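Okay, structure first, notes after.
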Amino acid sequence: MERNRDSVAVIGAGSWGTALAMVLADNEHKVKLWGHNPEQIKEINEYHTNKKYLPDIHLPEGIIGFASLEDALFGVNTIILAVPTKAIREVIGKISTIRKEPLTIVHVSKGVEPDTLLRISEMIEEEMPAHLLESVVVLSGPSHAEEVSRRYPTTVTVSSKNMEAADRIQDLFINNNFRVYTNPDIVGVEIGGALKNIIALAAGITDGLGYGDNAKAALITRGLAEIARLGMKMGASPLTFSGLTGIGDLIVTCTSVHSRNWRAGNLLGKGHNLQEVLDNMGMVVEGVRTTKAAKQLAEKYEVNMPIADALYDVLFNNINTKDAVDRLMARGKKNEMEDLTNVLDNNL
Ligand SMILES: NC(=O)C1=CN([C@@H]2O[C@H](COP(=O)(O)OP(=O)(O)OC[C@H]3O[C@@H](n4cnc5c(N)ncnc54)[C@H](O)[C@@H]3O)[C@@H](O)[C@H]2O)C=CC1
Ligand SMILES: O=C(CO)COP(=O)(O)O
């Protein structure tokens, strides 16, 4: 494919930022990878590795590490923001003080902010002065960094309020290992990506309890039903939940040992406590924070979200994991589609 060679800064040198920097370098873009740990940046530049986050992976030499945010931002018009959701306001705040020209920000984080209940693109719009923000694009979908960095076939979706910007980001990333679709439904794309982490925590728990595949299939499908109910009330298209950022990401996160959310849930199901689990993970487990937001969203939009509710009690009210599953199974009788069709009918 003929393509322009762009200069792009990836902000955040954890697993996902590094894997995406590799895709961009494979596409022959000039890639600046910024991280806040100078030792790690030295490792990237001297040895072309990032062993803590992607062991056994050799990074393309076209990726240049930067410990200075100012230097990383110099001469680029597009950044890929790949930090945990809890760091987004701080990092955007720093970028705003450095930057003088407008930027396109592609965010790849999966979460909803507790209390404000903002999606990530909304947080960026709130935090970044409007004259410095050209467009915000989200890139999401079933994509573990461990597999992308091995160049295994992967599909993702990009979305934006400005679909011309999304088209440009599709061109920036797409290659024969990394296939990029577009979808104009930014609410659905962001909500699907954020809330699948909760269901992955729950799937890890049932696996940790030794409950088998029936329970996991139940969580994936009933989890999707509750995500879709909420998403539609927030303005998303129901179709998005049948796509890569809906069922696609649910499948990959609930069934893969690469998922940090699944792994954290698995340890909880085996009887470890939350703090112990998070201390041992060494990487971000977004679903914990998003569970708080989901509980608040369910109340705000008056949506029934029993799985998110049970998970909230496990994480924050010390309810035993087995009791939480028993509670879900003992709920009153229902028509499988009733809540979903009620939301659909009310949205028409
Ligand atoms: N790892 C994956 O396969 C995927 C991750 N994501 C999303 O990408 C986002 C980032 O996740 P990962 O890269 O996997 O996390 P990670 O835990 O592997 O790396 C996070 C990086 O952010 C840095 N960081 C933390 N706080 C910071 C701060 N205040 N300022 C600057 N840097 C800071 C850490 O030092 C680390 O380098 C998350 O929202 C996650 O849901 C999305 C798709 C795939
Ligand atoms: O979002 C992901 C895959 O699409 C990564 O999931 P985890 O954050 O659970 O590892």
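The backbone N, Cα and C atoms fix where each Cβ goes, and this holds for glycine too.
Keep in mind the model is a prediction, meaning the values are calculated, not measured.
The feature domain 'Glycerol-3-phosphate dehydrogenase NAD-dependent N-terminal' is assigned by TrEMBL to 8-166.
Summarising the annotation, TrEMBL assigns NADPH binding site to Ser15, Trp16, His36, Tyr53, Lys110, Ala145, Arg260, Val284, Glu286. Packing around Glu286 (NADPH binding site) is summarised by its Cβ count: 24 other Cβ atoms lie within 10 angstroms of its Cβ, all protein chains included.
In the three-state DSSP scheme, Asn261 (sn-glycerol 3-phosphate binding site) falls into the helix class. Residues or ranges marked as sn-glycerol 3-phosphate binding site by TrEMBL: Lys110, Gly141, Ser143, Lys196, Asp249, Ser259, Arg260, Asn261.
Taken from TrEMBL, the feature domain 'Glycerol-3-phosphate dehydrogenase NAD-dependent C-terminal' applies to 185-325. Summarised by DSSP class, the composition of the domain 'Glycerol-3-phosphate dehydrogenase NAD-dependent C-terminal' (185-325) is 112 helix, 0 strand, 29 coil.
For Lys196 (sn-glycerol 3-phosphate binding site), other Cβ atoms within 10 Å of its Cβ number 33. Residues or ranges marked as active site, proton acceptor in TrEMBL: Lys196.
Checking the binding-site residues Ser15, His36, Lys196, Arg260 against ligand 2, the ones whose Cβ sits under 6 Å from it are Arg260. A sphere of 10 angstroms centred on the C-beta of His36 (NADPH binding site) encloses 16 other C-beta atoms.
The two recorded residues Arg260 (NADPH binding site) and Lys196 (sn-glycerol 3-phosphate binding site) have their Cα atoms spaced 12 Å from each other. Here the C-alpha separation of Ser143 (sn-glycerol 3-phosphate binding site) and Lys110 (NADPH binding site) works out to 12 Å. A Cα-Cα distance of 13 Å separates Ser259 (sn-glycerol 3-phosphate binding site) from Lys110 (NADPH binding site). Ser143 (sn-glycerol 3-phosphate binding site) falls outside any helix or strand according to DSSP and counts as coil. According to its DSSP assignment, His36 (NADPH binding site) is coil.
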